[in-house]
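The domain 'G-protein coupled receptors family 1 profile' annotation in TrEMBL covers 41-290. What TrEMBL records for 26-49, 61-82, 102-120, 140-158, 205-226, 238-260, 272-292 is transmembrane segment.
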Amino acid sequence: MRSENQSSVSEFFLLGLPIRPEEQSVFLALFLGMYLTTVLGNLLIILLIRLDSHLHTPMYFFVSHLALSDVSFSSVTVPKMLMNMQTQQLSISYVGCVSQMYFFILFVCLDNFLLAVMAYDRYVAVCHPLHYTAVMRKELCVLLVAGSWFLSCAHALLHTVLFSHLSFCADNTIPHFFCDLTVLLKLTCSDTSLNELVIFIEGGVFAFLSFTTILGSYICIGVTILRVPSIKRICKALSTCGSHLFVVFLYYGTLAMIYFFPSSNSSKVKDIIASVMYTVVTPMLNPFIYSLRNRDMKLALGVLYRRGIIFAT
């Protein structure tokens, strides 16, 4: 019975965004522009950090991996959404859906860990500036990033393996624009208690550790600043931590709207809008946050621009 159910669902149908047919072309152009901005902006950040030796520091090493994660994260869902809007072919194969779910979970978790690592980096920079170079040495930075990638891959693989043992009946319509695990679990005929338990315990532990690392780091930063308060120190701390803090608010704010404050069944539109913010808008804004608010990035961009003019002439 289980193999019959699994073989009968060889594909799913993504209902996509709640957009009227006459508005499809407008939103297609809008989301295509946002996606291209995301890809080009984040790749530009990676290029600047790679080429400018002044940006070869722990903070920008983490920023480059965050940019790579954002490009990958957006590329998991947005191209398929755009293709469905253009062709009106809403189907996605079972393997394609599971693959999309795996990479979505991976890059969500990776963003989570990288933001925690970056918060620790800012804590050391502000609270222990004299020991910053000794603490945040290259080996530790590589280890932190490699550990983030490894744990994210293991986290996504665990949920994917558990999901692959579930069976599906007649309902294969996903009321979303991508294969989200929480939505897929509602379609299955199997008992999902183990899946939900793992999401609650294992996923909760990862999220709690990352969030407490970020919160604890900024509490320590705040305490350090307030010990000898001055306008100069506050401005310096804001310039050091402002970009990261803004990204944290964007990340956890949209994440909370989707998973911690879910809508009722009669108002799922809010969840879809929050998911668009999370998968499309947030990755697009990160390059602007780290370039427009950061003097080093603007200087590196100016150098790259001047090099381009010289090579062009």
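Just so it is clear, glycine is given a Cβ too, placed from its N, Cα and C backbone atoms.
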Quickly jot the same-chain residues contacting the transmembrane segment (61-82) by Cβ under 8 Å, restricted to those at least six beyond its ends, or write none.
14, 16-17, 28, 31-32, 35, 38-39, 42-43, 45-46, 49-50, 92, 100, 103-104, 107-108, 110-111, 114-115, 117-118, 121, 141, 144-145, 148, 177-178, 247, 279-280, 282-284, 286-287, 290
For the transmembrane segment (26-49), which recorded stretch in the set 102-120, 140-158, 205-226, 272-292 gives the largest number of Cβ pairs separated by under 8 Å?
272-292
Mean of pLDDT values spanning the domain 'G-protein coupled receptors family 1 profile' (41-290):
86
